[in-house]
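Scroll down for the structure; my scribbles are underneath it.
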Amino acid sequence: MHVNGWSADAAPEPLGIQIAAEADLPTRFGRFRAVAFNDVHDEREHAAFVRGDVRGAEGVLVRLHSECLTGDAIGSLRCDCRDQLEAALRLLGQSERGVLLYLRQEGRGIGLTNKIRAYALQDRGLDTVDANLALGFHDDEREYGAAARMLAALGVRSIRLLTNNPAKIEDLARHGVRIVERVPLVIPPNEYNRFYLETKARRSHHMLEWDDETALEQDDVPLIGEDSH
Ligand SMILES: Nc1nc2c(ncn2[C@@H]2O[C@H](COP(=O)(O)OP(=O)(O)OP(=O)(O)O)[C@@H](O)[C@H]2O)c(=O)[nH]1
Ligand SMILES: [Zn+2]
């Protein structure tokens, strides 16, 4: 398939990464292409979900989503991950082209077990940053080199990045990704993640602004079979 003079088969692969497998993926958000990679620098199974033709394209709408098993799969209300994931997929599904990178750096890179340890510390009053520090980690252990290589392997030339996180923008740019615009992805808080979101804004400088009028009411949060407390 030729797009803007590029051929998906003949395009030069960037050093150290290549597409390992791809297939169509119809989803409840629209039709995507699921893409897996071989990356000599990173053995984790990151994946790209690609909407439309992105090879050679400029200003492609891109979301980098860091894995959150508790939020993404189980529907935890402690964070905003699943809401962000669904909002991003909805936006991409309405777009002609775009990419969601699903990055296997659970718990901001500390892994599931340590994230649950961090939750236990948060239940004793620490915020997300101090909980990570108490466990001997940085507040955020993620890096976006693999994401940059995946975008290069897909032939994306420049991106419009869906994020509120300045560190993500900086690290991606440091890895050579051209970001032409930041597109906010703000989810109104619920009663369980309000402190978490406030911590993101206050301590991690995330660009979060929401209108309290639009905040989810408890009734809107699907806590089936549980008393609210
Ligand atoms: N260590 C730790 N990780 C968490 C916690 N809550 C959510 N996460 C992880 O945080 C990651 C999501 O990152 P966030 O900081 O919420 O958001 P972001 O992706 O950096 O920023 P945006 O692009 O604006 O969404 C996922 O990997 C989650 O598993 C927590 O309390 N502690
Ligand atoms: Zn989460």
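Each residue, glycine too, has its Cβ placed from N, Cα and C.
Just so you know, TrEMBL annotations never went through curation; they're auto-generated.
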Same-site residue for GTP (record: TrEMBL; known: Arg63, Leu64, His65, Ser66, Glu67, Glu106, Gly107, Arg108, Thr128, Thr163, Lys168; options: Gln84, Gln94): Gln84
What does DSSP say about Asp140 (active site, proton acceptor): helix, strand or coil? coil
With every protein chain in view, how many other Cβ atoms are within 10 Å of the Cβ of Thr163 (GTP binding site)? 22
Roughly how wide, in whole Å, is the group Arg63, Leu64, His65, Ser66, Glu67, Gln84, Glu106, Gly107, Arg108, Thr128, Thr163, Lys168 that binds GTP, by largest Cα to Cα distance? 23
Give the number of CB atoms, excluding that of Glu67 (GTP binding site) itself, located within 10 Å of its CB. 20
Binding-site residues considered: Cys68, Cys81; fewest surrounding Cβ atoms within 10 Å belongs to Cys81
